[in-house]
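Asker: What follows is a structure written as structure tokens; I'll ask about it next.
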Amino acid sequence: MAPSFSDTDSLFNFVVRDGNGVKGMVDLELLESLKIAAHKFFGLPPEKKAAYRKGVSPSPLVKYGTSFVPEKEKSLEWKDYVSMLYTNDSEALQVWPEEIKESALEYLRTSIKMARRVLEILIEKLGVTVDDAKIDALIGLNMVNMNFYPKCPNPELTVGVGRHSDMGTLTVLLQDEIGGLYVKLEENRDEEEKREWMEIPSVPNALVINIGDTLQILSNGRYKSAEHRVRTTSEQPRVSIPIFTIPKPTEKIGPLAQLVERDGVALYREEFGRDYGYPNGPRSIDEIRATEFKRLDQNGLTTDSLKKRNGSEIAGLVYLDHAGATLYSELQMEAIFKDLNSRVYGNPHSQSEASSATLEIVREARQQVLDYCNASPKDYKCIFTSGATAALKLIGEAFPWNHESNFMYTMENHNSVLGIREYALSQGAAAFAVDIESPVHHDGIRVSLHPVQRRYEAEFMEGEPMGDAYNLFAFPSECNFSGFRFSLELVKLIKDNSERISGGSQFCKGSWMVLIDAAKGCATQPPDLSKYPADFVVISFYKLFGYPTGLGALIVQNDAAKILKKNYFSGGTVAASFADVDFVKRRESVEELFEDGTISFLSIASMCHGFKILNSLTAPRICRHTASLTMYVEKMLLALRHENGAKVCMIYKSHASKVLCCESGSILSFNLKRPDGSWFGYREVEKLASLSGIQLRTGCFCNPGACAKYLGLSHLDLLSNLEAGHVCWDDNDIIQGKPTGAVRVSFGYMSTYEDAKKFIDFITRSFVSSPNKSANGNLFRPRSIPFSSDGQEKRHSSAGYYLKSITIYPIKSCGGFSVESWPLSSTGLQHDREWLLKSLTGEILTQKKVPEMCFISTSIDLNQGLMLVESPRCKAKLKINLRTDSYPCAKEEIELHAKRFEVQHCENDVNLWFSNAVGRPCTLLRCFSSKGYVCRNENRAMSMCRDVESRLSFANEAQFLLISEESISDLNNRLSQNVQKGTQGTSLQVNPMRFRPNLVISGGEPYAEDGWRSLKIGNKSFTSLGGCNRCQMINFVHRSGQVQRSNEPLATLATYRRVKGKILFGILLRYENSDKTGLQTDSCLQVGQEVHPDSEEGYTKYKE
């Protein structure tokens, strides 16, 4: 008998079919035997169940697990489970657990039939028609879960299953008579009883049918996917058995076309979820992007010259670093400039009419800030600072620390919060980090204390005047590393339970005050200070609406402001002071007392235009919009698999609890793995993302506690990394096989589904292995891969190889010149990269920082002993004597590439010429000598390694860079194919000189040089040091006296020349000079000489 549905059946989005409703479709004896089988399986000895744990299960289709973590003594969810993915009957009977496989399989078959019939009825009620193939696709994947909830001694401290909605189409659920399933009521649904959750009654022999996210999207919002959860019980164990029906992976999910046509709008994007795009707001997300962020579609780079790529506009920019700084609206900036151009604002410390206008706009701005955080001006004051960091510094400086004070802070805190520790410790206070552990109710809060830090304990304990002791607890509203949101209930818990949370009387003296770092969280979920009366809240306005920068605020409770002690006074903070006597009368207004000097009143005046945007969209809508994007990207990343089934992505996030809020933030931090389980470096991800027009953030994000916690880095690991040379913002992303940071994407109010989709497509394209990509740890193979088992060499045919060109670059990063022949020296080609330019601040100038250096041309006349230098910015040609004794200045040492060089300075007129040529003050230095290294390059052909065995001038890595004319031709063919495929604008053909090679060879096959162990050019011997790792410099185009920047050819090279995070093109060479003392007068290279390579045994060519 098919079940019938009334209009009220989907009232709570769950349909309960009792025994009469399912009779004829489900054998009631089967339901009983299924529950018995579930209890039997979960009653097995632990070692038998453990045979199905991840990693040891006989099949990846079956996984047993528990949400209780004994080693951490915490319960994430109070349940055990076994999950069985269905492919076919035969495989299910072979790999599913013996105790449950037959009854579970029969239940699955029956449930699929029921789910199909229910889906047909629900679609029919929508008044649309869908063919059988579509129905089959919507329930194409099926999975059986068996959940076991043991008796819980303290059910109020945990949950069976946390709050969630089902992502599939329909879920068929069998639960026993004990109950515990709760569904979240819609807003304003139960106003009389003010209930948020309603229990689904447990009916004997009943099935619960739940609508999933997929069906909500298909119905264009008519059917709702309800959030639900499971409570635990202390009475007896219970089981529940859901069948999940999920669309096939190939099925795109979006509102049914007939409904969209009828409704006139699609509430959900295809493949996307709910709450996206401000469907009930004043403007849709598409309208916001089209009218206020046009520069993103045009690629908002820094100059017009950077926007062009091969004569066409670069594809739109995907900006995913809103946690770092969100974007300002173009209409917002127009309003700001209109305001500033039409009004006069004077110094607020003056008494003029213009000053009065400034005071009024500042007063309005303070009120806007307080309103945004729902703070009454009777209880709070807004102090403007130069940023959130300055606000935190003010608290640290002015807080009344003494030897009985304590500074407690969660591990997930920004460095700017951790810096307060220095003030506390310097005044004899104790400081300690804490982890908040799975509290659900106020009485259940537990705090895990890290070691207590204290300085000068004996000194401060003796003779210090006793007074009131004040303690400070600091936490972020949203962790800028993981997006983890702390519930603001912590404010009350800290204030009301200081003895319990601090773990003992030694931390319980005095009053506890609470600081919320809302710099990140305020952008999507500002704290409600009327409900959670924190003492201090710091915010940053460029993280809210992009502009202005350099402006933040400290929201301080009036009573808390009274205890702050400020020593320094400045203009605007005093009522009166004497110049020759120790007397000062400070102002009584909190704002005037703490705002030193003239505040940034023009920036403050511009704030109202940013708040106008946020207030029109509203914070709850922004929160839901960004959360929907975050959840979508998280689901897509977690679903990615390599060809061998290995997971691609590790996402760093915490499990929710009462104090640690379960709502998603707007941040996702993660790292990516290769098929063999090794890590992709985060700098590799960032580099390739930049080539794809995607802006994101990598590293630890100035949050060392969260970084160490989520990455599992011990103090020893961190110290070892530091000793290995790793510091913030460097390229050391993997040390001893472990990541030193992560990749972070974050969303803002103007982020779109297209942004998220382009990011997922980029990750899939660049990091997920498939049959035509290597799965051996390198995502892509170079054209040729050397390997050797016995170390023997094999002479490669040299008939076709000859030296095509020789180029010398006397000044690092400046133009070079080509010659027919040139002498060799112990450092390579004579005078190659023998000079460099250094700024007056000590910075070594390169084309990466000063692209115009490419227009400085050089040549050397060995007969006259002169270097000739020209620049379009300088009328006169510069002549520099090559004789070392012509340099009058004393020698000094500099460091470059971790190597010490003894250098000579040039004369002032030479330095003035170069300063004019590059447009900034600089000096020309000549390499006089360099200190040597001792190094062995073990993995030459596939690694990038600076030659540290021989003498070098100022070259980055090695004495020579060699590229092949045939490899260049292959690259140009690929670039042409990109044009034909439509992935690139007009045709781009690169010249060998784009790569700044010393030697260009002709002959042979493309990329044959990858496998060379050594080679001879004429009778001169060279050793190959491996591939040259290419950077953005090869994307610089020099045209008509201007430097233009594109993403080619590096982007194309990244698609097939990427190995272990490096994009390789060309090889590095070392000259095996028999005379180590210097120049050999009879040693030179000449264009046309034959090239004789020795290649690796077993050298093979890449096959696409």
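The backbone N, Cα and C atoms fix where each Cβ goes, glycine too.
Predicted automatically and left uncurated, TrEMBL annotations should be read as such.
Checked TrEMBL, it gives:
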type     : residues : note
DOMAIN   : 140-247  : domain 'Fe2OG dioxygenase'
MOD_RES  : Lys543   : N6-(pyridoxal phosphate)lysine
ACT_SITE : Cys702   : active site
DOMAIN   : 935-1094 : domain 'MOSC'
Asker: If you draw a 10 Å sphere around the Cβ of Lys543 (N6-(pyridoxal phosphate)lysine), how many other Cβ atoms fall inside it, taking every protein chain shown into account?
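Answerer: So the number of other Cβ atoms within 10 Å of Lys543 (N6-(pyridoxal phosphate)lysine) is 24.
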Asker: Could you measure between Lys543 (N6-(pyridoxal phosphate)lysine) and the residue listed as 'active site' for me? Cα positions, answer in whole angstrom.
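Answerer: Answer for this pair: 15 Å between alpha carbons.
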Asker: Is it possible to get the count of other C-beta atoms within 10 angstroms of the C-beta of Cys702 (active site)?
Answerer: 18
Asker: Let's see if you can do this one: DSSP helix, strand and coil counts over the domain 'Fe2OG dioxygenase' (140-247), in that order.
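Answerer: Residue counts for the domain 'Fe2OG dioxygenase' (140-247) by secondary structure: 9 helix, 43 strand, 56 coil.
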Asker: Would you mind giving the whole-number mean pLDDT across the domain 'Fe2OG dioxygenase' (140-247)?
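Answerer: The predicted confidence over the domain 'Fe2OG dioxygenase' (140-247), as a mean pLDDT, is 81.
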